[in-house]
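Engineer: To start, I am sharing the structure in question, which I have written as structure tokens.
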């Protein structure tokens, strides 16, 4: 009896060992519909944001396409692929990434940490620079909980951007969030490159979202340069990738900046562009049936913008900071575009680039009259503020009467402010212009302003 029991227990142990070698059970659903950008699947219960794998045929081989749950209707899941969908068949099997399909899947974990410095990655953390995957064991979720506003450090310190017009006339504070409003071809990328090279920050995170592939390479190699790239992390999600990957790229760039901020470092975050991020969300929202609102943008777009922007800024007292510059494309130089209007309301200031100035060869083409830094008054002295006000008054007076002065119709002495503007105009114009490879730090910028207004 004992021998038989021993034999039976041994057989049971062998059976258990063989069972352990079998592959884990994978729940899967089936693809039932493909319309435009969205695929529909049934048979799985997964939360929004969960990652799925769809089987596709590539000749005799079966390959996998990564997708994400962007919505559901009853038992139907709406999926948006992150890759090319060619070869996907009706009824193709759909797996949850964790293999269970029970809704218990955790959020995405993407690489973080100092090992990312000098690297160029896509929105999913995969290398685009031809190098191996980042050598880091540190990972983190893509989305973090909202920051308690009462725990943020106030904006108290000036950020030296290396650009004279910004330093002196549109002073930016460490932890401020600024918008760079510009149409196409007015020097936006060049100005961003100058700030990336010359800004006094520990780390630079660049998010190139929805841009042309040629512009991505040009920005990294020529505008950012080797010096800027050494202390930078570049996340690139060009225009030809999935809208989901473009949105994820913006969130990932922000998450990397948050990670460095939490390490006590001061980060410069450059996002080019916030408009392409909004357009990517519009593509997704319209594809899953959300009704359009203002100029074709669904309401979810205007909810996503502040959720992204509010993640930047100062950390807790004694911690690091994220100073962010978001570019906003103004189509046809329309400052009332809905995205531009929404961004202006949620940012801490805006720098407007003028096509008129760019066409006149005036670089950087910053329209000082239309630009503002909301944190500036808390950062500068009364004397500095008085000089800035006088500078803007003289600039505005000259611009309003430029035609009269040009044709000789203005009689000197009619307007004391205009008389002073005409006298100082060469100095004002020279102050606002700066070479691409010329650095003007904070002290030099103030000294240049002092030379124009020594008695103010």
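Yeah, the Cβs are placed from backbone N, Cα and C, and that goes for glycine too.
Keep in mind it's a predicted model, so treat the numbers as computed, not measured.
I grabbed these lines from Swiss-Prot:
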BINDING   182, 183, 184, 185, 186, 187, 188, 189  ATP binding site
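Give me the lay of the land around each of these features.
Structural biologist: For residue 182 (ATP binding site), the same-chain residues lying six or more positions away in sequence with a CB closer than 8 A to its CB are 188, 327, 328, 329, 330, 352, 353. In the three-state DSSP scheme, residue 182 (ATP binding site) falls into the strand class.
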Engineer: Determine, for the ATP site, the additional residues of the same chain whose CB lies within 8 Å of the mean position of the CB atoms of 182, 183, 184, 185, 186, 187, 188, 189; present them in sequence order.
Structural biologist: 353, 358, 365
Engineer: Cβ-Cβ under 8 Å from residue 184 (ATP binding site), same chain, 6 or more residues apart: which ones?
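Structural biologist: Counting only residues 6 or more apart in sequence, the Cβ neighbours of residue 184 (ATP binding site) under 8 Å are 329.
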